[in-house]
Every structure is written in structure tokens, then in C-alpha cells.
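Copied from Swiss-Prot, the annotated features are:
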type	residues	note
BINDING	Cys3, Cys6, Cys18, Cys25	[2Fe-2S] cluster binding site
BINDING	His249, Glu273, Cys317, Cys405, Cys433, Cys458, Glu492, Lys494	hybrid [4Fe-2O-2S] cluster binding site
MOD_RES	Cys405	cysteine persulfide
Amino acid sequence: MFCVQCEQTIRTPAGNGCSYAQGMCGKTAETSDLQDLLIATLQGLSAWAVKAREYGIINHDVDSFAPRAFFSTLTNVNFDSPRIVGYAREAIALREALKAQCLAVDANARVDNPMADLQLVSDDLGELQRQAAEFTPNKDKAAIGENILGLRLLCLYGLKGAAAYMEHAHVLGQYDNDIYAQYHKIMAWLGTWPADMNALLECSMEIGQMNFKVMSILDAGETGKYGHPTPTQVNVKATAGKCILISGHDLKDLYNLLEQTEGTGVNVYTHGEMLPAHGYPELRKFKHLVGNYGSGWQNQQVEFARFPGPIVMTSNCIIDPTVGAYDDRIWTRSIVGWPGVRHLDGEDFSAVIAQAQQMAGFPYSEIPHLITVGFGRQTLLGAADTLIDLVSREKLRHIFLLGGCDGARGERHYFTDFATSVPDDCLILTLACGKYRFNKLEFGDIEGLPRLVDAGQCNDAYSAIILAVTLAEKLGCGVNDLPLSLVLSWFEQKAIVILLTLLSLGVKNIVTGPTAPGFLTPDLLAVLNEKFGLRSITTVEEDMKQLLSA
């Protein structure tokens, strides 16, 4: 096992990365190794997808499957080894079908890629794990060095984050052939074990630029189906009655669940990155979408254990449900998996609803505590002139984009302290689950404009980018000249690709934490600092002083 893709990875003087029987996320060595094998098969599939496009062959089944299966290897998504192997077998079957299509056009069709003809050696998981050793990401570290390995992983993990967003968009009916062609090209190239530093750096920026387009179509999918989010108050306390909790990012799953629970007497609560769903008109119209439950994903083993109903996980993040003994009432959807937990193959939630009706639910309603969400792209753009006016009258000094992932590391309290230290004449724009560090606190307003503005899920960084570009255009300056600072927390691969997206768009002087990614060496961090001004957090006092004086 070698995995260094998330923020909580093991860090020792001998090197970074989880390399024992189990990773810090709870992923076993078996599952981790089989995910490496799956990625290798997906690189071979992409190699043939690139070749097929040369013949004008575009297979939508291949295009939809490839990023979805890649998504299953993202942190805290799928821990079920047999399902990982199932994805690998499906990848090979699709590859062979695509290969046959190419050969039907050109009998001499060939692909020069080491993954292009990969076959699984056995049905036995142990044998497959041994085969997976050929594809461990750091297998040639001694030959290429830590810097090249780090750049490879930056590209691989960034592309994985983009693949997740591609799947979210595809679920909503969004498909862009150019994006998929670019994805396959990059994925196939990474399967050749590239070792050119400049080419890898260029690839990382290409991934960022591609992901901006992915976030654009995801935004179109979400707003096209569920309307543009508008500011909405959400109760974060319990309401009496039977209940279901839904977590993850998939708004379509939430919509289907709301439709199927309507009139059943079962209330629905959002958790984690589902919180922004309350801002969408077509979702909040369901009166039994009663509120948001819990806090950051890392607290789920305590909070889910206390929830008196079933739980549905639609994407990341799931962690071991046996710890809180709720494994009999947690359900996985789509690419999510945990051994022994019931999985929903389709969009029928009747079994979950039946379980909710058999459980006690909340016995009484608590005193409501309301927070505000729903500052989507349209709302943010509508406030652009107000922001400019406040700045011109010196009522608004600075905007801090304070967002990203949450996690268990104690150093993450920095983000709570930072938020509470932001001066009263400054505004906090937040997104993603890092907001749970401070989103239940009171921040007041500036002439009626809330000082805490919740822009949505991690992918809604797109809305923040569009706002920044709009403000810069109106003020006749560059984005980096705005009174705007980005202070980002990271945990997994979606955060990595958001960072690459920002860097590829030329955004500079981003501050990140709580730690630097374990796969980025001091040399690589120095390059990113020199090129983009990217740096790690220090202390709240020092960072605040530096950012306000910039």
C-alpha cells in the first residue's frame, strides 16, 4: 500500500504516505492496492478512447463510466474491494469493445501505452492485490526522484477531483465532448509514467483549466434543473417526526428522495455538502425538507449514531459506520461503498423510507436555530454593484474567501479563529464543508449585507470566480488587484483540483492549510510559491496582518 492523496496521510521523517495494513482514512491495504489496479485499467481505457476519437468513434458509455469509476477511488468514497474490482472488470470490457470498434475501422489500430492491454490475472482478491503492486504510484521513486513523483501525483489527484465533478455534472445530464476528450488524453498520458517536470507542470495547469469548464457545466446542470439558489434560512435543529438524513453532493438523489417521501410523514435532513441544497427553489419547495443536521463530515460517527433514522450517502465522505453501530441503517448510493452496508443500485428509495417509518424519529422539536445559505452565482452577481459601492464609500475594506474542506486535525481550528478575527468592515465569502468551522456563529452585516455569505458546495468556487472576474471588470483592474484574499483549507482531491483551477486562471497569493499536501516536496512548494505566491498558513494574527496590508 502507498497512498498520500489526502491531508490526514501519515507523515514521518522517513517519508509521507500511508503504507501499512490500513490508511488513516480506514481504507485497507487491499482496497488501496486494488484502487491502484483500477486506475491502471482506466488509463488503458482512456488510451483506447483517445485512439477511437481519431477514427471518429465516441462511445458515450465509455465517457460516462471512466470518470465515475475514477471517482470511486477518491478519499472516503468506496472501501468495498469487490466493487472496486468490478469497476476494473467493467473498464476492461469497455476497453475491449472500444478496441474492437477501432479494429473494425483499421485492422492495424494500435495503442502505445503500457496500460492498453492490461488484464486481471485472477478472480482472487489476494492475487489481484499482488498484481496491483506493479502499479503502486511510487514504484519508480528511486529512479525518478521525489519531485517528479510529486508532480505526477498532483496531476493524478487533480484529475481525480475533476473526474468527480464530471460525474456530478453527468448525473444532471451535462456532457461536453471536448471535456471528455481532454480527460482521456490526460488520463492516458499519466498511464505512461511521464517524468518530464515541465510537461507535468503544464499538465497540472491544463487540468485546472479543464476543471473550470467542468464546473461551468455542473453549475448549468444544477441551476437548470433546480433553479438559481437564493438566500434561504435553514434550521439546524431537530423537528419532531420520523426522518432520513442525506449526505454528499448529489442534488438529483436528494430531489428523488424528496419526491418519494412526500406525503409519507418522513422528514428529510441534509448533512455536510448537501446544506446548500436548501437554497435551490425546486428543492426547498418540499416542505418536509426541514433542516440541516450535524457538522463537519469528520464528526459523523458520533452524530450519525445519534440520528434516529436511516442515512443515505450519495458521494464522499463516508467513514467506518461500525464505530457508531449504525451500519444497519446507513445506505450507499452510486460510487459510494462500505463492506457489509446496503447499497442502492438505482433511484428507488422505498427501502430507506420503510426503515425510517419503522424507527422512532425525533420525539420533539428543538428551539430553531436558523442560518442563511443560498448565495449562488446569480445572487452574487446581483450584489456586485453593492459591493463596489461599499468599497468606494470605505464601508467595506476587504473580502476573504474562507472555504474548502473540513477535517479532524486540531490545527483546523485556525479557520474558526480566522473567521472570528475578521474585522467588522470585512466580508467572509465561504463555500464547501470547511464552513462548518464557523457557519453557526453570528457575524452581523454591513448596511444590510450579511458579513458571512455562503456560496455553496466546493464546486461553487465557480460562482466565486465569476464574481471576482465581474468585480475586476467593473473596477477596471485584475482579479489579483481586488481587495480579496483566498484562505483555503484542503483535505482531498476535489480541493486539489479547485486549487489547480485557481492557479491556472492566474489567481495569486492564495493561503492554504492546515498542512501542505504530503506529495508536494519542499522544492515543488518553492516553485508554486515563486510562480503563484502560494503559501501555507502561519498564525491568524500574522496572516490577517499580511493579507489586509497587501
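Glycine too: its Cβ is placed from the backbone N, Cα and C atoms.
Sequence features annotated in Swiss-Prot and their locations in the structure.
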{"residue": "Cys3", "record": "[2Fe-2S] cluster binding site", "contacts (Cβ under 8 Å, 6+ apart)": "Thr9, Gly17, Cys18, Ser19, Gly23, Lys27, Ser32"}
{"residue": "Cys25", "record": "[2Fe-2S] cluster binding site", "contacts (Cβ under 8 Å, 6+ apart)": "Cys6, Gln8, Cys18, Thr75, Asn76, Ile319"}
{"residue": "Glu273", "record": "hybrid [4Fe-2O-2S] cluster binding site", "contacts (Cβ under 8 Å, 6+ apart)": "Ser247, Gly248, His249, Ser315, Ala432, Cys433, Gln457, Cys458"}
{"residue": "Cys317", "record": "hybrid [4Fe-2O-2S] cluster binding site", "contacts (Cβ under 8 Å, 6+ apart)": "Thr75, Asn76, Val77, Ser247, Gly272, Trp297, Gln298, Gln300, Glu492"}
{"residue": "Cys405", "record": "hybrid [4Fe-2O-2S] cluster binding site", "contacts (Cβ under 8 Å, 6+ apart)": "Glu7, Ala432, Cys433, Gly434, Cys458, Ser489, Trp490, Phe491, Glu492, Lys494, Ala495"}
**Prompt:** Taking the center of the Cβ atoms of His249, Glu273, Cys317, Cys405, Cys433, Cys458, Glu492, Lys494 at the recorded hybrid [4Fe-2O-2S] cluster site, which other residues in this chain have a Cβ no more than 8 Å from that point?
**Reply:** Gly272, Trp297, Asn316, Ala432, Gln457, Phe491, Ala495
**Message:** List the residues in the vicinity of the [2Fe-2S] cluster site, defined as same-chain residues other than Cys3, Cys6, Cys18, Cys25 with C-beta within 8 angstroms of the site's C-beta centre.
**Reply:** Val4, Gln5, Gln8, Thr9, Gly17, Gly23, Met24, Lys27, Ser32, Thr75
**Request:** Would you find the one among the binding-site residues His249, Lys494 whose Cβ has the most company, meaning other Cβ atoms within 10 Å?
**Result:** Lys494
**Item:** C-beta crowding around Cys433 (hybrid [4Fe-2O-2S] cluster binding site), within 10 angstroms
**Value:** 28
**Neighbouring C-beta atoms (10 Å sphere around the C-beta of Glu492 (hybrid [4Fe-2O-2S] cluster binding site))** = 25
**Message:** Say we define neighbours as other CB atoms within 10 Å of the CB. Which of the binding-site residues Cys6, Cys18, Cys458 has the fewest?
**Reply:** Cys18
**Item:** Where Cys433 (hybrid [4Fe-2O-2S] cluster binding site) falls in three-state DSSP terms
**Value:** helix
